[in-house]
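Report on the structure given below.
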Amino acid sequence: MSERKIPKEVIEEVERLREEIEYHNYRYYVLNDPVITDEEYDRLMRRLIELERMYPELVTPDSPTQRVGGKVLEGFKTVKHSVPMLSLDNTYNEEEILEFDRRVKKALQEAEVEYVAELKIDGVSIALRYENGRFVLGATRGDGIEGEDVSENVKTVRSIPLRLRKPVTIEVRGEIYMPVDEFKRLNDEREEEGLPPFANPRNAAAGTLRQLNTALVAARRLDSFIYYVVHPENYGLKTQWEALQFLKELGFKVNPHSRLCKNIQEVIDYWKEWKERKRELDYWVDGVVVKVNRFDFQRILGETSKAPRWAIAFKFPAEQARTRVLDVTIQVGRTGVLTPVAELEPVQLAGTIVKRASLHNFEYIREKDIRIGDYVFVEKAGGIIPQIVKSIPELRTGNEKEIKPPDKCPVCGGKVGKLNPDEVAIRCLNPHCPAKLKRALRTLVSREALDIEGLGEKLIDRLVDAGLIKDIADIFYLTPFDLAQLGPGIGQRTIAKILQEIEEAKKRPLHKLITGLGIPMVGQKTAKILAEHFKSLEAIADASYETLKDIPGIGPEIAKSIVEYFRNPKTREIIEKLKKAGVKLEEKVVKLDILRGLTFAVTGTLKNFTREEIIEFLEKLGAKVVNSVSRNTDYLIVGENPGSKYERAKMLKVKMMSEEEFLEFVRKRAELKGYNFDEIMRSWKEWS
């Protein structure tokens, strides 16, 4: 049978679509500066998927459609690195970094040496090879001589280009990491599913890259920074700083905070700056990598068998504290998982007072040998979540008590157990446990979802305990009489305010409602993708697995979770109740261009907006919002008690405005473009 002939125009369209999609991936994932809407991007991707299905002969390893995952691998091949991937020597103090500088200058016989200071990303080292500009290999560091071929998983990392912007043959190196928000989402999800959480973002990224199911890797949204060119002399590069600019030109994501330092004192100043500013970032950093800038100097300095002599890791101080376990309480999650929580003697840690720490599950307690009364070391996983890293048995008095799993649910008294023998978590098996409903309600009314401030934790507990709410939709059927039954502390004015907030919540954007439903694996970002794509909750509920998995940003694992959620008859019943109550189940899309083309950052506390609200407001008016101030920032909005962004904006001469000046600025621009400013302020929260 002869091969069928593919029309020339189809081949040309496929190639054009791939180039266009990769360009928009670069704008979105690398530059964080998209130039088309998500809907337009989806349209391009759907067309490419359609053509590749019709003509599977045209599918290539570097096609954007290969990023979504779906393959199940048998294992990972071992590959030898072309040049060893060495580790770095570490230092934690200024004296040792000054000694490093003295050694470098002595060996080079130079009075001063230029350095490049780069943030040390807490992720997984990766080597990437390209032939004629096309991705051919992604390998882990391994033992430095040999690593594992994780190419299929690397393809799911959207900031890593599958085609370079120049047709070069090259090997580069960098770090694959898990963003802070994704790490928190993943651990919350794992605890709800009864799985052990990851200890830190680095472990999460490493564990994800070694998954055999590429769809699962795609669902976890890893990211990357590239910082090293192997054999830079082949490309006419003379310094590390030139190499970073070259990597940007090729289309790689390069950390924007790297700095060229004229001497070691500028390196120390950079280290001090980021020691204080690191929490502004959406990824975890544990120090600064200091590199001699000139490659000819690097060659003179050479390396030992383990580490280069021309670079060093200048680590930030470890953020750990010692405290004591006073007691252990048990929380019941939305899916019934029982999570032990350590009640601690209050201790200062990473800028906050820590009184509680998750113990994750009873297997974790057994492995760490943690007991009530123990002295323990506590740290913040990924700089966010307090957790106990080890107990100190040497300080035991003999009065400590072992922590044993409960034999019944601490809330409803129902049976507890595991859904399957391999599960780590213990769950409440009672489908009517009020604790599950309470957690689901807290998710629904949270600020990220329907934002019903009057329905706080205590009031939700009282409503459920009184039998006034049986499922999450019952919130929208509450009456003044229901609330009055709750007794003292709920006056007429409070009742009216709560009911008004509930009424306003019915008009929230669809993505807020989707977030509030608590669908496993669906956070705020995925909720926005679903709302923009389907435009109604009922359309999402009716969507097939095949339709969902092909949507960029969804993929097979999330698609499976969504289908299973809406397959439940109870979910359908809740949707029907929401509809009858007048909750908005369709998206009202409003996009304005009042601030289009402008980049804003925000610092301090504002009077009229929370941090989440001001970001949402700016984006709805067409602005781009960034986490840190750079020369590309147009305006910094300054509230009360501003942070380090204020000083940086002054240094860079970035324009600053108060909240009042900002609103006046918006008013004038709105009027120039023919919009009613007062109407915008009244209704912007209802837009999508």
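Placed from the backbone N, Cα and C atoms, the Cβ positions cover glycine too.
Per Swiss-Prot, the features are as follows:
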type     : residues                                                                                : note
ACT_SITE : Lys120                                                                                  : active site, N6-AMP-lysine intermediate
BINDING  : Asp38, Glu39, Glu40, Tyr41, Asp42, Ser87, Leu88, Glu118, Arg141, Glu175, Lys291, Lys315 : NAD(+) binding site
BINDING  : Cys409, Cys412, Cys428, Cys433                                                          : Zn(2+) binding site
DOMAIN   : 590-679                                                                                 : domain 'BRCT'
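All features noted in Swiss-Prot, drawn onto the structure.
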{"residue": "Glu40", "record": "NAD(+) binding site", "Cβ contacts under 8 Å, 6 or more apart": "none"}
{"residue": "Asp42", "record": "NAD(+) binding site", "Cβ contacts under 8 Å, 6 or more apart": "His533, Ile551, Pro552"}
{"residue": "Leu88", "record": "NAD(+) binding site", "Cβ contacts under 8 Å, 6 or more apart": "Val289, Ala307, Pro308, Ala311, Ile312, Ala313"}
{"residue": "Lys120", "record": "active site, N6-AMP-lysine intermediate", "Cβ contacts under 8 Å, 6 or more apart": "Val285, Asp286, Gly287, Val288, Val289, Ala313, Lys315"}
{"residue": "Arg141", "record": "NAD(+) binding site", "Cβ contacts under 8 Å, 6 or more apart": "Met85, Val124, Ser125, Ile126, Ala127, Gly147"}
{"residue": "Lys291", "record": "NAD(+) binding site", "Cβ contacts under 8 Å, 6 or more apart": "Tyr115, Val116, Glu118, Gln240, Gln298, Trp310, Ala311"}
{"residue": "Cys409", "record": "Zn(2+) binding site", "Cβ contacts under 8 Å, 6 or more apart": "Val332, Leu338, Lys415, Val416, Cys428, Asn430, Cys433, Ala435"}
{"residue": "Cys412", "record": "Zn(2+) binding site", "Cβ contacts under 8 Å, 6 or more apart": "Cys428, Asn430, His432, Cys433, Pro434, Ala435"}
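Mean pLDDT for the domain 'BRCT' (590-679) in this predicted model: 86. Taking the Cβ of Cys428 (Zn(2+) binding site) as centre and 10 Å as the limit, one finds 26 other Cβ atoms among all the protein chains shown. In three-state terms derived from DSSP, Leu88 (NAD(+) binding site) belongs to neither a helical nor a strand segment and is classed as coil. Same-chain neighbours of the Zn(2+) site beyond Cys409, Cys412, Cys428, Cys433, judged by a C-beta within 8 angstroms of the site's C-beta center, are, in sequence order, Val332, Gly336, Lys408, Pro410, Val411, Gly413, Gly414, Val416, Leu429, Asn430, Pro434, Ala435, Lys436. The Cβ neighbour count for Cys433 (Zn(2+) binding site), using a 10 Å radius over every protein chain in view, is 19.
Helix, strand and coil residue tallies for the domain 'BRCT' (590-679), in that order: 36 helix, 17 strand, 37 coil [DSSP]. Reduced to three states, the DSSP call for Cys433 (Zn(2+) binding site) is coil. In this structure, the residue listed as 'active site, N6-AMP-lysine intermediate' is part of a beta strand by DSSP. DSSP gives Glu40 (NAD(+) binding site) a helix state.
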